[in-house]
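The structure appears right after this line, and notes come after that.
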Amino acid sequence: MSTIHGGHHHHDDAADFLPANPIPSADVYSKDLEAGKGTTEHIETASVNEDKQPAERDIHYDGGDDAAQPRTGLRKLLRRNPSMDFMREVAEANETELDPYEVKKVERKIYWLIVPALFIDYIFYYVDKTTLSYAALFDFKKDLHLKGDNYNNLSSIFYIGWLVWAIPGNLLLAKFPLAKYLSINIFLWGVFLMVQASSKDYGDMVAFRFVSGMFEAVADPCFVAITGMWFTRRQQPTVIGYWYAGNGVGIALGGLIGYGIGHIGGSLASWRYEFLIIGAVCSLWAIVMGILIPDAPHTARWLTRREAVVTMSRKRHDHHTVEKRQLKWDQVIETVKDVKIYLYFFLGFFANVPNGATSNFGTLVIKGFGFSTLNVTLLQIPYGTFIAVMILAAIFVNHKTHHLNIRTYLMAGVTCLTVLGFALMAFTKGIAPRLIGYYLTGSSNAVFVLALSLVSGNVGGTTKKVLASAAIFLGVAVGNIVGPYSFLTKEAPTYHTGIIVCMCSRVAEIFVILALRLCFVGPNKSRDKKYQEGDESCNPDVQVFVDLTDKQNLHFRYVA
């Protein structure tokens, strides 16, 4: 077990032009030349053992497939491990100070390569999911003879498909090149969106929505994995915020597209054009993305060999061990016993009961205020813009206050705005306060961005990380399935019960966030106290390169 001790070399992180560092009090790092060899997260790492042969156990994707073996047949499709030479170059780079100017140049290049593409993906991701709510504004319900709970079922079946495919889809994520895998899934979203246009009745639509949901299940984990692969831990919350802001743009654009498509006077019903046009554009974009985005630094043809090495080496100080694709049973047991994992699930759940409801019923509620169909679609534009602005404001404030370690307070504060929004919708009579209330409910997107960064930054251990991520996304799926059923058909168009359920769900979310804070601050305080009393095993400046969980590794500090 190799450790790095604080206090030898103080150096500034060259990555300051991007986000703040979520590791409290550990802005001073130092280096251990040997240990740096393995700190490449999310990448299939091949390490070097004594006699400079590839170590079998370290090349862990498919039975010791290492870069030297011929890539023939189906094997060509699998992820490619970095070659031994490449890993050695990274290890050598880790022994030197990287030139800050060089790091910045490489980071700008990666930034422009990856972030805009993920941002566009997220726009599609949102528009895809809400095409149903735009279709509902036209004669969709009448054409498919929807009765009673049918529309609620169509909203929920999407997430049932999502749940079914979440685990197998994410296991495949480890086998195949990340960006290509994501592109294929996006291509299939588009195809199944176009297929939905052919629905003759409710049954067809249920089947197509179920399959669409399956292909979207890998999206969020894929986006988070790509962010983790290319960006350092201190940059991740901001990068997640940038692409998540595509959500707001998706809502605003979806409104405009809905408005435009509502004017098509073709031979088909206008809601069918919604599905056809959005699906086609989505599939085309997937092809572009498959060509543009590199799968990993060592296979990126847009980067020179040196740039790829710098990309990996600049991540040497992340509180990350080598990501080995192995299942550690002690971590599984610890995960089951860890109360934080259940809180992550409830965070996902309470955050998405309102989301499942508003993403499918929001347009119908606004229509109930007395606006015409086309004005409803236009009113989505300020809503989407407000969401994007809130996300950017939240990551900016998080960036400025990271040294205070108050991310959970920030999340709870923003959630209060959403509670206020639902209260205005439920208990006021005028159109203006209800519309303002509806807009305020969009603040929740900013909270979820910070929630994702909490999970990615506060869980140690490869196995435990995978399970914690699964916990929050299972909560997301279950919340989205449950939410729409609180909107009772007989209460249309005010949906009073549904709005009150959403409001209570947001209040519960605040309690979950504050409970998580207690779980983070407690261990941090006791570890700091032990360290002050002279216990070196709790020194926050020490970096351990062993696959330990956040509980096992006493050097670890939580982002609260």
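Here the Cβ of each residue, glycine as well, is placed from N, Cα and C on the backbone.
What TrEMBL lists as compositional bias 'Basic and acidic residues' is 41-63.
Among the features that TrEMBL reports, domain 'Major facilitator superfamily (MFS) profile' is placed at 114-526.
Taken from TrEMBL, the feature region 'Disordered' covers 41-67.
Annotation comment: TrEMBL describes 110-127 (among others) as transmembrane segment. Sequence-distant contacts of the transmembrane segment (110-127) (same chain, at least 6 residues past either end, Cβ-Cβ under 8 Å): 18, 182, 186, 189-190, 216, 219, 223, 226-227, 230-231, 239, 242-247, 249-251, 253-254, 257, 278, 281-282, 285, 289, 292-294, 302-303, 311.
Residues or ranges marked as transmembrane segment in TrEMBL: 156-174 (among others).
The feature transmembrane segment is assigned by TrEMBL to 181-198 (among others).
According to TrEMBL, the feature transmembrane segment maps to 210-230 (among others).
The transmembrane segment feature in TrEMBL is assigned to 242-261 (among others).
For 273-293 (among others), the entry in TrEMBL reads transmembrane segment.
Summarising the annotation, TrEMBL assigns transmembrane segment to 341-366 (among others).
What TrEMBL lists as transmembrane segment is 378-397 (among others).
Same-chain neighbours of the transmembrane segment (409-430): 354, 365, 390, 394, 397-398, 401, 436-444, 446-447, 450-451, 496, 499-500, 502-503, 506-507, 509-510, 513-514, 517, counting only residues six or more beyond its ends whose CB sits under 8 Å from a CB of the stretch. The transmembrane segment annotation in TrEMBL covers 409-430 (among others).
Taken from TrEMBL, the feature transmembrane segment covers 436-455 (among others). Residues 22, 220, 224, 236-237, 240-241, 244, 247-248, 251, 344, 347-348, 351, 354-355, 358, 362, 365-366, 382-384, 386-387, 390-391, 393-395, 398, 407-408, 410-411, 414-415, 417-418, 420-425, 428, 468-469, 472, 502, 506, 509, 513, 516, 559 of the same chain sit 6 or more residues outside the transmembrane segment (436-455) yet have a Cβ under 8 Å from a Cβ within it.
For the transmembrane segment (467-488), the residues of the chain that approach it from at least six positions outside its boundaries are 149, 152, 155-156, 158-160, 162-163, 166-167, 170, 217, 220-221, 224, 331-332, 335, 340-342, 344-357, 360-361, 451-452, 455-456, 459, 495, 497-498, 501-502, 505, judged by C-beta separation under 8 angstroms. What TrEMBL records for 467-488 (among others) is transmembrane segment.
Sequence-distant contacts of the transmembrane segment (494-520) (same chain, six or more residues past either end, CB-CB distance under 8 Å): 339-340, 343-344, 346-347, 350-351, 353-354, 357-358, 361, 364-365, 368, 408-409, 411-412, 415-416, 418-419, 422-423, 425-426, 441, 444, 447, 454, 458, 479, 483, 486-488, 558-560. Taken from TrEMBL, the feature transmembrane segment applies to 494-520 (among others).
Counting residues 6+ beyond its ends, the transmembrane segment (341-366) has Cβ neighbours under 8 Å at 129-130, 132-134, 136-137, 151-152, 155-156, 159, 335, 376-377, 379-380, 383, 418, 422, 425, 435, 438, 441, 444, 447-448, 451, 455, 467-468, 471-484, 486-487, 492-495, 498-499, 501-502, 505-506, 508-509, 512-513, 515-516, 519 in the same chain. Below 8 angstroms of C-beta separation, residues 121, 124-125, 128, 131, 169, 172-173, 204-205, 208-209, 211-212, 215-216, 218-219, 222-223, 226, 268, 272-276, 278-287, 289-290, 293 of the same chain, each at least six residues beyond the ends of the transmembrane segment (181-198), sit close to that stretch. Looking just at the domain 'Major facilitator superfamily (MFS) profile' (114-526), the mean pLDDT is 87. Contact between the transmembrane segment (273-293) and the transmembrane segment (378-397) does not hold: fewer than three of their C-beta pairs are under 8 Å, each pair 6 or more apart in sequence.
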